[in-house]
Amino acid sequence: MQASTHLIKGNLEVKISKRRDLSCFREFKERKSTLTRNLCIRRGSICSGLSSGAVSMGAELARARDNVETVARSLIKFRSVKGQASGGDVEDLAPINPHETSTGTVLPFVGVACLGAILFGYHLGVVNGALDYLSKDLGIAQNAVMQGWVVSTLLAAAAVGSFTGGALADKFGRTRTFQLDAIPLIIGAVLTAIAQNVQTMIIGRLLAGIGIGITSAIVPLYISEISPTDIRGALGSVNQLFICIGILAALVAGLPLSRSPVWWRGMFGLAVIPSILLALGMTYSPESPRWLFQQGKISEAEKSIGTLYGKERVPEVMYELRTAGQGSTEPEAGWIDLFSKRYWKVVSVGAALFFFQQFAGINAVVYYSTAVFRSAGIASDVAASALVGASNVFGTVIASSLMDRQGRKSLLITSFSGMGASMLLLSLSFTWKVLAPYSGILAVVGTVLYVLSFSLGAGPVPALLLPEIFASRIRAKAVALSLCMHWISNFVIGLYFLSVVDKFGISVVYLVFAAVCLLAVLFMAGNVVETKGRSLEEIELALNPTT
């Protein structure tokens, strides 16, 4: 009796699936018929004045038929990612058809998510101008190690946050995780603003670090899951753009410090505002349709799709999700699977992207540019750091327009090459006596060129590449591992930069950063595949050619 029940249930599911497919096919035929009529009407109006109208109309209709068939092939394909990848993985991140999608309703929700990116950048950059002033107030002005801990506690906690962010997003959903994440962000900002001793400051930085670690994982994830395919690269780089805006905001917020040394408390307290806005904004933002579908919440997924792309897109996108999900038969990968022969190459590429990004010296510039400019004799050191932040924003805007045209790999190679040349210039400006009279100007110029080069590729590309190169069954854990590498590297740079500079000198440190940039160029050229215009399966197969 039980077997019979299962058989009947299976037959019903097959019939329902066939009906859904038939409905999609009928919808396609209606679109094809409408398109044919429209094309014929337009072509007919052109030909109506010709004496050989019948012959011309026949030729035009033949061309129209070719156009219809081209559109038909595109509609049938649905740009679905249904190919087998990595020995059985079928990517469940079904792309959205760009030619029929209006991004008008997607962009506001991307903007809300990017409040998390602003907080990411703001908490990274706020310590740049404030460090000297808070060190005096908290009694650690002569303690470089403790100052390093004030900087790096945020980064160590962010590593923990990034490791848990993916798991929280899978369990509670993307929007709910954003709301939960606002709690440590708000408390951390308040504690750092009211701190009367270094212990309270470190606890506040710890909580804020957990918060930005979680946002570093879920902001690009949420954006990639709601973005139309044709602008996935541009919207993916928007995450980095808003990180840069957050850093710039922190540097600009430090301008009043020279007149009001206690303003550093206000700088930390300002982070409460976007944290509250993030929690409120996510209350009205749609959940990721893919996450809802994976949870079996079909009606909620359809509602989310309607909000993001319009109600007329619901049948098509649901069909894509069903088609992509049918091929995935393997369970979610375990942590040990990331180090297997099958996945190790793609995982190592993801981790290496962030290793090179951090050890090329970017956050040494973000955290300590004010101190470096001061040592180079720049009178308005905080203003010079704000200029650096502005160049970061400008370069990221340019990168957003190039991402889907020039490609990810070429931008990475160009970016690291420019960063290496800039670091070499900075190193020489501090050592060559002939350049000594110009050391201040060269310090600013070299730093601006370095940050511009970074923002063109090394900044935005790694976070964009992660969702593209990882298969569905390893994505959450592989992203967590890569971001953990990011935050650990960031932590080491933040903790030891001042001590290493005191021991070896800024010129030697910048020369090491230049060498890392050269190694990065060689690694990118030999190991990173171009993902522009390629399906997720093609990308994974290129990274796993033996599977």
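Don't overthink the numbers, they just go from 1 along the chain as shown.
The backbone N, Cα and C atoms fix where each Cβ goes, glycine too.
If you look up TrEMBL, you'll see 106-126 (among others) marked as transmembrane segment.
Per TrEMBL, domain 'Major facilitator superfamily (MFS) profile' is recorded for 109-532.
Here the transmembrane segment (146-168) has long-range neighbours at 123-124, 127, 131, 134-135, 140, 177, 180-181, 198, 201-202, 205-218, 221, 367, 476-477, 479-480, 483-484, 486-488, 490-491, 494-499, meaning same-chain residues at least 6 beyond its ends whose C-beta is under 8 angstroms from one of its own. Marked as transmembrane segment by TrEMBL: 146-168 (among others).
The transmembrane segment feature in TrEMBL is assigned to 202-223 (among others).
Note on the transmembrane segment (235-257): residues 106, 110, 114-115, 117-126, 128-130, 133, 219-220, 223-224, 227, 263-264, 266-267, 270, 366, 370, 382-383, 385-386, 388-390, 392-393, 396-397, 399-400, 403, 455, 459-461, 463-464, 467 of its chain, located 6 or more positions outside it, place their CB under 8 angstroms from a CB of the stretch. The transmembrane segment feature in TrEMBL is assigned to 235-257 (among others).
Through the fold, the transmembrane segment (263-284) approaches residues 112-113, 115-116, 118-119, 122-123, 126, 129-130, 133-134, 137, 175-176, 178-179, 181-182, 185-186, 188-190, 192-194, 204, 208, 211, 250, 253-254, 256-257 of its own chain, all at least 6 residues removed from its boundaries and within a Cβ separation under 8 Å. What TrEMBL records for 263-284 (among others) is transmembrane segment.
Annotated transmembrane segment per TrEMBL: 346-370 (among others), in sequence order.
Annotated transmembrane segment per TrEMBL: 411-432 (among others), in sequence order.
Long-range contacts of the transmembrane segment (438-466) within the same chain: residues 216, 220, 233, 236-237, 239-241, 243-244, 350, 353-354, 356-357, 360-362, 365, 369, 372-373, 376-378, 384, 387-389, 391-396, 398-400, 402-403, 408, 411-419, 421-423, 425-426, 429-430, 478-479, 482, 486, 520, 528, 531, each at least 6 residues beyond the stretch ends and with a Cβ under 8 Å from a Cβ of the stretch. If you look up TrEMBL, you'll see 438-466 (among others) marked as transmembrane segment.
Within its own chain, the transmembrane segment (478-498) is flanked in space by residues 144, 147-149, 151-152, 154-156, 158-159, 162-167, 213, 216-217, 221, 338, 343, 346-347, 350-351, 353-355, 357-359, 361, 363-364, 367-368, 371, 462, 466-467, 470, 509, which lie at least six positions past its ends and keep a Cβ under 8 Å from the stretch. According to TrEMBL, the transmembrane segment annotation covers 478-498 (among others).
As annotated by TrEMBL, transmembrane segment applies to 504-525 (among others).
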(request) Restricting attention to the domain 'Major facilitator superfamily (MFS) profile' (109-532), give the mean pLDDT. (result) 85
(request) Mind checking which residues of the chain, 6+ beyond the ends of the transmembrane segment (106-126), have their Cβ under 8 Å from one of its Cβ atoms? (result) 154, 178, 181, 185, 208-209, 211-212, 215-216, 218-219, 222-223, 226-228, 235, 238-251, 253-254, 267-268, 270-271, 274-275, 277-278, 281-282, 285-286, 308-309, 363, 366-367, 389
(request) Report, as numbers and ranges, which residues of the same chain sit near the transmembrane segment (202-223): CB under 8 Å and 6 or more residues beyond its ends. (result) 110, 113-114, 116-117, 119-120, 123-124, 149-150, 153-166, 168-169, 174-175, 177-178, 181-185, 187-193, 195, 235-236, 238-239, 268, 271, 275, 288, 463-464, 466-467, 479-480, 483, 486-487
